[in-house]
Amino acid sequence: MAILPLLLCLLPLAPASSPPQSATPSPCPRRCRCQTQSLPLSVLCPGAGLLFVPPSLDRRAAELRLADNFIASVRRRDLANMTGLLHLSLSRNTIRHVAAGAFADLRALRALHLDGNRLTSLGEGQLRGLVNLRHLILSNNQLAALAAGALDDCAETLEDLDLSYNNLEQLPWEALGRLGNVNTLGLDHNLLASVPAGAFSRLHKLARLDMTSNRLTTIPPDPLFSRLPLLARPRGSPASALVLAFGGNPLHCNCELVWLRRLAREDDLEACASPPALGGRYFWAVGEEEFVCEPPVVTHRSPPLAVPAGRPAALRCRAVGDPEPRVRWVSPQGRLLGNSSRARAFPNGTLELLVTEPGDGGIFTCIAANAAGEATAAVELTVGPPPPPQLANSTSCDPPRDGDPDALTPPSAASASAKVADTGPPTDRGVQVTEHGATAALVQWPDQRPIPGIRMYQIQYNSSADDILVYRMIPAESRSFLLTDLASGRTYDLCVLAVYEDSATGLTATRPVGCARFSTEPALRPCGAPHAPFLGGTMIIALGGVIVASVLVFIFVLLMRYKVHGGQPPGKAKIPAPVSSVCSQTNGALGPTPTPAPPAPEPAALRAHTVVQLDCEPWGPGHEPVGP
């Protein structure tokens, strides 16, 4: 009994003396190797043939390697709660889709490898939560688009960004300009055709920029490139020097690249692709004096143009130079014109006024400028009063003006000018419409020898029922054209125009050949086929008639057979009446005729046809009946 109090005193001390138990770790995924005995915890599954991220991952892991598998997507729950993960490798899988917020819990992640996959775009939410990311490797994908906010969460911490070997034609340069801590930027082997000026000006820590094998023809100067090592510097550039690689681009070696040529180096193999005189030459071997530009020269411009108010007008200006000049337009009031609700400026130098107003008239100035200078040209536009309103079936109009190659008669006037009634002589004998039927008409016009350089003819026509013009382009050697698919019983207004090249301006112009009016013949109303309901009723009636006739014939046959058998059913044979062997009788008294014995029943096969044979002798004068 003395031992019991002692045990009761020692019982509270038992838990304190037992060793502490740790939380049960998650089992290691199949085909993976897990290092859980020492920190940091690692889960290594390279080349394990995985089709998805294993669900039984140890959420305490600091390193997760899933490279060289067949993972097709990364879902939101795949990496949830892995707040201590530092390194994640998903290289060389088949990933096409990354769910928005898939990395949201990886706030401690330092390196993310997604190279060698099949990503086509990177949205704003796919990298959300990576606030400590330093290395982002996205090379060897199929990226064609990168959202402007895709790198917002890691913009201040990112040090290494690799976008090489993708299909990028454009980049969010504003977003890249905010990567203030980036040291290495890989943009090589993409489809970049241009880099905006100042794109790298804020990347003060950038040490390596790779733009090899893109489509760059020029590289604009940037303050960043002042840190490029000069040829006079000894080997071993200083730590602050920038390593720039831009070989494999079709560089256009003109005055725009003189700044780069002055930073001569001896360790790169860039070459010139154009102009032809410098094509194929080593970039650093071309002298600075050969990097020249040509000032712009205006080669074509629109002649003086007159249009009625309310109509559109197109002003054209063409210029050549090296580099290709940019064309701008200045209004008569001195304003620089651009795209607006009333005007559109095209890259080829065309200014289109959608709706002209009386105040738009005056001298428009075309300015062509490039790095070597600028050139100007004046184009006069006259805006007249608006034309009087005309109906689609109007028969009076002003004749087309001659000598104005760029003035195309308005559609309503062109379709009505020089119209020809179908029954009267044509007003314009240049165009004739013959052999017109219900849906076709033959258009003929004479040879236009006074107009040199005709490229083609244009036929435009519309019917009296609508204002929609239909156009047909005809080869220059043709003098006739058969119009088909016309509507019957309608009146058509038609005009033929010659399309030629104006030798004075070098622009394409049109000149009316003539117009005509004709009417198609009304279509004969064909005998319409019976309607489907009618055809169906006829078939039903015919089928019913056949059935009724068949029933009647069947009944008639039964009646005939019934009559032949004497009113007895054909299955029962008629019992023949007793037949006497007496052929005749006399008026004399005769003895009683003996009653013959009843005949034997006939065979069943002969019941239907009974044959009675009478064996009689001739009876007449001198003959007496034969007694029994």
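Think of each number as a place in line: the chain as shown, counted from 1.
Placement of Cβ uses the backbone N, Cα and C atoms for every residue, glycine included.
Per Swiss-Prot, the features are:
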DOMAIN    19-59  domain 'LRRNT'
DOMAIN    249-295  domain 'LRRCT'
DOMAIN    295-382  domain 'Ig-like'
DOMAIN    425-523  domain 'Fibronectin type-III'
CARBOHYD  Asn81  N-linked glycosylation site
CARBOHYD  Asn339  N-linked glycosylation site
CARBOHYD  Asn348  N-linked glycosylation site
CARBOHYD  Asn393  N-linked glycosylation site
CARBOHYD  Asn462  N-linked glycosylation site
REPEAT    132-153  repeat 'LRR 4'
SIGNAL    1-16  signal peptide
TOPO_DOM  17-539  topological domain 'Extracellular'
TRANSMEM  540-560  transmembrane segment
Checklist entry - Restricting the comparison to the glycosylation sites Asn81, Asn348, Asn462, which residue's C-alpha is spatially nearest the C-alpha of Asn339 (N-linked glycosylation site)? => result Asn348
Item to check | Asn348 (N-linked glycosylation site) and Asn462 (N-linked glycosylation site), Cα-Cα, nearest whole angstrom | outcome: 33
Next on the checklist: Cβ under 8 Å, sequence separation of at least 6 from the ends of the repeat 'LRR 4' (132-153): give me the contacting residues as numbers and ranges.
Outcome noted: 91, 107-124, 126, 159-172, 174-176, 178-179, 186
Checklist outcome for this item: Near the domain 'LRRNT' (19-59) in space but 6 or more residues beyond its ends, with Cβ under 8 Å, are 65-75, 78-79, 81-82, 86
Checklist outcome for this item: Simplified to three states, DSSP reports Asn339 (N-linked glycosylation site) as coil
Checklist outcome for this item: For Asn81 (N-linked glycosylation site) and Asn348 (N-linked glycosylation site), the CA-to-CA distance in whole Å is 56
Item to check | Sparsest-packed of the listed glycosylation sites (Asn81, Asn462) - C-beta count within 10 angstroms | outcome: Asn81
Checklist entry - How does the model score the repeat 'LRR 4' (132-153) in terms of mean pLDDT? => result 94
Checklist outcome for this item: The number of other Cβ atoms within 10 Å of the Cβ of Asn348 (N-linked glycosylation site), counted over all protein chains shown, is 9
Checklist entry - Using DSSP, how many residues of the repeat 'LRR 4' (132-153) fall into helix, strand and coil, respectively? => result 0 helix, 5 strand, 17 coil
Checklist entry - Including all protein chains shown, what's the count of other C-beta atoms within 10 A of the C-beta of Asn339 (N-linked glycosylation site)? => result 10
Item to check | Reduced DSSP assignment, Asn81 (N-linked glycosylation site) | outcome: coil
Next on the checklist: Let's see if you can do this one: DSSP helix, strand and coil counts over the domain 'LRRCT' (249-295), in that order.
Outcome noted: 13 helix, 9 strand, 25 coil
